[in-house]
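Colleague: Pasting the relevant annotations from Swiss-Prot:
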- 1-20: region 'Disordered' (REGION)
- 52-53, Q130, 176-178, E196, R201, 242-243, 263-267, 273-274, Y322, G492: NAD(+) binding site (BINDING)
- C410: active site (ACT_SITE)
Amino acid sequence: MSNPRHNEREVRSPRGDELNAKSWLTEAPLRMLMNNLDPDVAERPHELVVYGGIGRAARTWDDFDRIVATLKTLNDNETLLVQSGKPVGVFRTHKDAPRVLIANSNLVPHWANWDHFNELDKKGLAMYGQMTAGSWIYIGAQGIVQGTYETFVEAGRQHYGGNLKGRWILTGGLGGMGGAQPLAAVMAGACCLAVECDETRADFRLRTRYVDEKTHSLDEALAKIDAWTKAGEAKSIALIGNAAEIFPELVKRGVKPDIVTDQTSAHDPVHGYLPLGWTVAEWRAKQENDPKAVEKAARASMKVQVQAMLDFWNAGIPTVDYGNNIRQMALEEGLENAFAFPGFVPAYIRPLFCRGIGPYRWAALSGDPEDIAKTDAKVKELLPDNKHLHNWLDMAKERIAFQGLPARICWVGLGDRHRLGLAFNEMVRNGELKAPIVIGRDHLDSGSVASPNRETEAMKDGSDAVSDWPLLNALLNTASGATWVSLHHGGGVGMGFSQHAGMVICCDGTEDADRRLERVLWNDPATGVMRHADAGYDIALDWARKQGLRLPAILGN
């Protein structure tokens, strides 16, 4: 019997200003869905897998075809409902309602675990949407580069006087998210040694210029790192190997990186983490015929890697969990002090979240890189005093290869996001851009996620696991007129450990879009400021007052 999730076809988004749907508000999700499965973007496009283990864009290829066909015929007073990658209904709404509403991987909490999800998945009743895979706004590894860069820069500021020159970062994983690490490290001025078990992924990062070199030899990798750091060069190398083997070996040798982290797909112990002593081929085969054995061996291996990370931490080396839930897996395997080292959000990112600053991104539906160059210039024009952001944009232009439709990631917050959106819409209206722009973000944002082992770890008031916030975020973005809105479970850290929401809005050059953009791109980051103000963070409380937010039970207004 043929696999409904496997097809050798090649999918690429249409380019240019010619519509395939009835309006740009339906053309936009159509193009971004297809862009998610572009072979230059997705990790395993023939299996509908975009990134993050088994994060898919659609449940089956038949469902993909149905979504495409429906978007092509959808009217401006209709909304398509997508349930875990399956187009289940079209309903009459109104022109300011989202054209698509998406719910992916959501389970009643008692059943929210990998075993139950995998059973549903096997029966064709569910799909893992990760964060931006099933919400159709993945832009390749660039999508996480700036966040990783900001993290490394802040780590350098806290631990090394703001200068990472001559320093190096040890990490694991070069998948859709982890692949950003070597480039982010180099941009921050550091060298990077990234361990990756699947050579095809390392080759993907070489091809897209996210990593500089590749080796199968630990000795060679260390020699290169030593030479580069002594010369003050910032370069990166991918080491083909297993992080659960390499990390302990480095501890044994007494090697001391300057920063240690990990972005293997440890959140998914069946599909995301190679067990010690296994070949990749053996691992892939047993995922299908003996997933329990894979999970058991992978979890045991994660414990070994986390113990090595603890050894680095205890040696005084800054060590952080980069949000893949590997500490939780090790804890469940009996490593009682697995959480001794922090996650990256409480360690480095939370002050940004308190001001609603997060991973704002946009893509040029024209397919023309010049449209991104023009929007980059507009960002600089509108935010003339943000030299750190200007530096990022300059480096991004020089170092980041576009994957699929040209796109840009740019961390900005409440008070700036809507200004940029309105400016982009004006550029579409006056013909400065060749076609509309879509603006979205990662679900990893200040007000759109509840994830106690990642974004909401160690909240000041203990509200780490309260998931009302992403639900309110999704509801508000729907009411505000986002073009499509998504509500997911399990992204980043796996089943049972997170709930999160996403939104995308289209700048089609119309005055209606102006009104929607002003609402959505103000309200969306404002929920993040609200969430952190409610938790008692002074930065968020001050920012809420400065921006004039009305928060009755928080500010008394």
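All positions are counted from 1 along the displayed chain.
Using the three backbone atoms N, Cα and C, a Cβ is placed for every residue, glycine included.
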Colleague: Which one of the binding-site residues (G176, G492) has its C-beta surrounded by the most other C-beta atoms within 10 angstroms?
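Modeller: Per the Cβ count within 10 Å, the most buried is G176.
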Colleague: Looking at Cβ-Cβ distances, which residues of the chain lie under 8 angstroms from S265 (NAD(+) binding site) while being 6 or more apart from it?
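Modeller: Correct list: G52, G53, G173, G175, G178, H271, G272, Y273, N324.
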Colleague: Rounded to an integer, what is the Cα-Cα distance in Å between G492 (NAD(+) binding site) and C410 (active site)?
Modeller: 20
Colleague: To which of the recorded positions A243, C410 does the lowest count of other Cβ atoms within 10 Å belong?
Modeller: C410
Colleague: Have a look at the binding-site residues G176, E196, A243 and say which one has the shortest Cα distance to the residue listed as 'active site'.
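Modeller: That would be G176, the closest of G176, E196, A243 to the residue listed as 'active site'.
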Colleague: Any residues 6+ beyond the ends of the region 'Disordered' (1-20) with a Cβ under 8 Å from its own?
Modeller: 27, 30-32, 34-35, 37-39, 45-48, 56, 59-62, 72, 124, 365-368, 404-405, 434-435
Colleague: Take the Cβ of E196 (NAD(+) binding site) and count every other Cβ within 10 Å, whichever protein chain it belongs to.
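Modeller: There are 29 such Cβ atoms around E196 (NAD(+) binding site).
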Colleague: Neighbour count, 10 Å Cβ-Cβ cut-off, for G52 (NAD(+) binding site): what number do you get?
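Modeller: I get 29 for this one.
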Colleague: In DSSP terms, helix, strand or coil for G176 (NAD(+) binding site)?
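Modeller: SS state of G176 (NAD(+) binding site) = coil.
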